[in-house]
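S.K.: Mind looking over this structure? Questions follow.
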Amino acid sequence: MYNYTIYHPVKISGRGLYTGINSTITIYPELPHVGIYFLRTDLTDYPIVPIIPSTLLVLNSKLSTVLGFHDDYSIMLIEHLMSAISLSQLTDLKIILEGPEIPILDGSSIIWLKLLQQAKIYITSLSNCIIFKSSCTFFIQTKDTFIISFPYTSLAINTGIDFKNCLAIKSQWITILDLLINRFELVGIASSRTFGDFNQINILINEGFFQGANLYNALAFQLGNWCNGPLRFICEPAKHKVLDLIGDLRLLGVYNMFFLIGYKTNHFVNSQLVQFFKKLDK
């Protein structure tokens, strides 16, 4: 195992999905063994304190994963960027955020992935990162959502979704083995966009949520059909669930080895899974 960082900084700006506020994010190289951390530089009333991707700093996982110390010093929507970081196997980065939320961009991780590749990823040293292995089988369920974890020799995910009232989606299952070394699947996962019911999104917008949502940064369906198709590939919605799960699993650490079977997964149950893994690690 090795440590990886980037050769030069990269910057991008964009709108936040939930707040609608424009944010700028700059990603810098970092020294070996330092890890990944975020800094909010736009808050003049607070000292600049690193926010480290960790289960201890999860403030909210209802609609997305929010990290921070309190609501005023937090970072919203980390999962798409963290998924790109994991798929790139990066271990050491300093990430400066000017704004409350990481930009949604096109609703997937592909722009993040390409941005990191443009920054030229390289090996800095041998890694001392802990490889997290699950030695037991366990089951987590919330209503009709569940995740089962099995011991495995690498990271593998089998996930399913079920939208019986939407003919465009219906039931989808996808299995991806050896996730972090399966280069064939990497672009497909990273390109998968977030999605939702057009009518429900409009209701949430009127309630003050999803202020940055539009038909460019999210797939929307209505009356069983896509409002802004076509899909980039078959099972794009199911693959986006894999993308989100990879991003949330990055809170465990760099290298994870287990086989997950998930059904109707969301950020809340993903957070429960990560917290359970952390308890096993003690």
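Counting begins at 1 with the first residue displayed.
Quick reminder: no glycine exception, Cβ is built from N, Cα and C everywhere.
Sharing the feature lines straight out of Swiss-Prot:
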| type | residues | note |
| --- | --- | --- |
| ACT_SITE | H267 | active site, proton donor |
| BINDING | H80, H240, D244 | Zn(2+) binding site |
S.K.: Across all protein chains in the structure, which of the recorded positions H80, H240, H267 has the highest Cβ count within 10 Å?
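M.R.: That would be H80, with the highest Cβ count within 10 Å.
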S.K.: Quick one: pull the CA-CA distance for H267 (active site, proton donor) versus H240 (Zn(2+) binding site), whole Å only.
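M.R.: That separation, Cα to Cα, works out to 12 Å.
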S.K.: To see if you understand the setup: which same-chain residues, six or more apart in sequence, place their Cβ under 8 Å from that of D244 (Zn(2+) binding site)?
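M.R.: E79, H80, S83, T265, H267, N270 - these are the non-local Cβ neighbours of D244 (Zn(2+) binding site), listed in sequence order.
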S.K.: If the Zn(2+) site is taken as the center of the Cβ atoms of H80, H240, D244, which further residues of that chain fall within 8 Å of it by their Cβ?
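M.R.: Close Cβ neighbours, site residues excluded: E79, S83, S108, S109, S192, T194, K241, L243, G247.
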